[in-house]
Amino acid sequence: VDSYDVRVGEDLGDIVLVKIEKKKYWMQDDWYCRYVTVKTPDGDYVEFPCFRWLVDDKEVVLRDGRAFLPQDDKTSLVKQHRQKELDTRRKTIRWKEWQPGIPMSIDSNKHRDLPRDIQFDSDAGNLYIVDFEILEGISANCTDPQTVQYLAAPICLLYKGVQNKILPIAIQLGQNPDKNPIFLPTDGQYDWLLAKIWVRSADFQYHQNVTHLLRTHLITEVFAIAMFRQLPAVHPVFKLLIPHIRFTIAINTKAREQLICEHGIFDKANATGGGGHVQLIQKATKDLTFRSLCFPDAIKSRGVDSEEDLPTYFYRDDGYKVWDATKSFVSDVVSIYYNSDERVREDEEIQAFVKDACSFGMQDFDHCEFPKSLKSLDELIEYLTVVIFTASAQHAAVNFGQYDWCSWIPNAPSTMRKPPPQEKGLANVNTIIETLPDRGRSSWHLGAVWALSQYQENELYLGMYPDEHFIEKPVKAAMEKFRKKLSEITGFIKGRNEGKKLPYYNMSPDKIPNSVAV
């Protein structure tokens, strides 16, 4: 929102009409104009209301704010203006029969095809914001006295253009606007490049600590421990879940022993090492809810659920397919053993499993809203779907593409050696090189993301159950149905990816291990 002053040095006489012209810029730049106020030489103010969108290359001609009946317009100029406005509107707002025998409707099949002025205001679907406020106040790594390291908590505004590409259009490298200028694509080349690198570094810290470590590894371990403590091997839910927590407790223990421990790899390579990673995970845990682990809910809460607004968001599209297939499989299996909601409520072991995960695993945090009991079959199906999906598809999506995206150091710097700039016009190539991690930390970083992106030998992918915990034929039939559906999804994704410069396959079932094991 902004206002502009335009000063005129000559007397224009009585202002009858005001014309505003908009030229299309380098991106889709629809502009909503509220009004124009003219101050006369005598000090009077005349309002010319607009309240409409200027789209692409367009001009709009405005009359002052007084209302007139057509018979009260006296000059040919204002009469022509009145008629031209209606002629223009009639070209875009046309009658159409939707169905015979009912009132006519507008000639438009989709909301996005409507004239811009009559679309929903909230459908601005083109602007997205990434706010790393959670990084504010996190201690930067100070384990090496020879190298000062820095973190930032940037805010990045992104825009979806006509080619459906989402690009950054404004970046503020700290939460305080008084100390942090807003960097723009029109700034100096290196100012803008450095600002983007800072956003990518912040995103790397969030991705590794929150999206990856907390929301897949640690959460799956909660479910795994509760399962072992509360469900005997004969329980059908134990049999269902055991392939999906394979090696999870072991890999997490190894991580605490070698990766995220004091003097571990995190300390060697990452700006959140030396304890900052613990602070960050603690803050993120306060925002973690059970519903945020339900894939459809997570997508909707972030405002990225519309295929019309984001037609090429393959993580969402493939994730929906895998979520639905997993939920259908879980439903098929548990329905063999539970034929009513009452059977779920009467199962003291499943109730103890759920309560243990909440009361001990999540330490009974009120904010997390993890269920302490399950009252229906539907609730049980959703809960188990969350467990399996988090351990398999979600972990695969956030883990196995790390080398692809993070091996180019400027795209995911694990640390930064200079503070974020607070002035424009100071950055150059040397500034950027001196800010990026040094060779040693870059090497540790590359080794880590390469190792994390590797599949195990004899990997068991989603739907592969060589250990026959179930012997019942109906369960085996459900497994075969699950595998067939997953194969269809794999085929669809393979076909979609053909010919793409940047294929997306991290949610393809043939690349989703059953469990968090790396």
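Using N, Cα and C of the backbone, Cβ positions are placed for all residues, glycine too.
Remember, predicted model here, so these are calculated numbers, not experimental data.
Here is what TrEMBL records for this protein:
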{"type": "DOMAIN", "residues": "1-68", "note": "domain 'PLAT'"}
{"type": "BINDING", "residues": "Asp29, Asp30", "note": "Ca(2+) binding site"}
{"type": "SITE", "residues": "Trp53", "note": "site 'Essential for stabilizing binding to COTL1'"}
{"type": "DOMAIN", "residues": "67-120", "note": "domain 'Lipoxygenase'"}
{"type": "DOMAIN", "residues": "123-518", "note": "domain 'Lipoxygenase'"}
{"type": "BINDING", "residues": "His395", "note": "Fe cation binding site"}
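Distribution of TrEMBL features across the structure.
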| residue | record | Cβ neighbours (10 Å) |
| --- | --- | --- |
| Asp29 | Ca(2+) binding site | 14 |
| Asp30 | Ca(2+) binding site | 14 |
| Trp53 | site 'Essential for stabilizing binding to COTL1' | 18 |
| His395 | Fe cation binding site | 24 |
Per-region confidence, the domain 'Lipoxygenase' (67-120) (mean pLDDT, whole number): 90
Residues of the domain 'PLAT' (1-68) by DSSP state, where helix covers H, G and I: 0 helix, 31 strand, 37 coil
His395 (Fe cation binding site) and Trp53 (site 'Essential for stabilizing binding to COTL1'), distance between Cα atoms, whole Å: 43
Rounded distance in angstrom between the Cα atoms of His395 (Fe cation binding site) and Asp29 (Ca(2+) binding site): 37
